[in-house]
Every structure is written in structure tokens, then in C-alpha cells.
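Asks: My structure is below; once you've seen it, I'll send some questions.
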């Protein structure tokens, strides 16, 4: 399945299948992208964890010099790699890594063969974007996030977001609630944290 997304004056294609999650409401999805981009001033490089098939990665790539996006699901990473090639995006690299593996790789505590063609030292990260599963962030990811000046936290579970937010101890620059599943208790939270 190919999803064509129009964003401001550009469009991009995201490859998707029934194995990986994608935002179900395209109108709200575009509003989520607009919400995030309004706060991307002075952006250098982005580290994205839990990137999935690139729903946020692809539209945000043009806002950064370079993007390194990680995801543990091999099907999602394969789709993202194909979408990167399909769209001709040259400033985006991805690898199949969990959040904890990403933290180990960035701290040089472990070398991964999956990163043999990626020079992590070439990045000058100004932002970290996390979009974790309902369980929220691991302690390793929270510790990793503390190394970044700017954080974008996308959560499908407000309870775990607020639990994590208390530990992260950052200032909320902006927060948005997006009701992707009307008539249910589920809300998407996007927090721009400093």
C-alpha cells in the first residue's frame, strides 16, 4: 500500500502494509505534523526512536540537516528504507535497533554490525523524537533523552506520557491532544519539551 501525503507545498509517499501501524486519521495526522513543525527552530540533526515506517520521519526530514531514525520492527524498517529511496531523501539514515540498543550505540558501549555504514559521530543532534508504544519509555531511553536540548514526545497513552514526563523533568513548550479514535478513551499526545 502506498500512502501519498501532501504537506504544505510538497508531497511524499509512505509505503505501508497491514503489519505495521500508521496513523488512522489522515486529517489529524497532517495536523500533528503541522503542530510539530511550528516548533522546529534552529534545528540541526534529529534522532528518532520508534520511527515505524516513517510516518513522522519522512515529513520531518526536510526540517533537519540529517536524521537518524531507529525502529525494532524489521518490516517497518524495510518499508522506511523503500520509502526513503522512493522519495529520493538523502539526509535520512535508518537502522533496525531498539531504543536500548540505540542508547548503547550512541554511548559507544556496544558496536552493532547493523551500523557498519552509518557514522554516528557525524551527527550533531539538536532534537530527539520518541513515539513509544503504550508502555512508554524505558529508563535507558529517558536517560538518553536527557542528553538532548529539545525533545518531541508523541504518545498514544497519556498516562504513561505523564508518568515519563515526571521523570524527564523538562519544561513543556507546547502540548497538543489529538483524538484519533473518537468515541474511545484513546488520545494521542504530542509534547514539545525543552
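Each residue, glycine too, has its Cβ placed from N, Cα and C.
So TrEMBL lists the following for this protein:
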ACT_SITE  156  active site, nucleophile
ACT_SITE  156  active site
BINDING   23, 50, 71, 131  S-adenosyl-L-methionine binding site
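Describe the structural context of each listed feature in the structure shown, including burial, neighbouring residues and relevant distances.
Replies: Counted within 10 Å of its Cβ, the other Cβ atoms near residue 156 (active site, nucleophile) come to 20, all protein chains included.
DSSP gives residue 156 (active site, nucleophile) a coil state; it is part of no helix or strand.
A strand conformation is recorded for residue 71 (S-adenosyl-L-methionine binding site) in the three-state DSSP classification.
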Asks: C-alpha of residue 71 (S-adenosyl-L-methionine binding site) to C-alpha of residue 156 (active site, nucleophile): distance in Å?
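Replies: About 17 Å separate the Cα atoms of these two residues.
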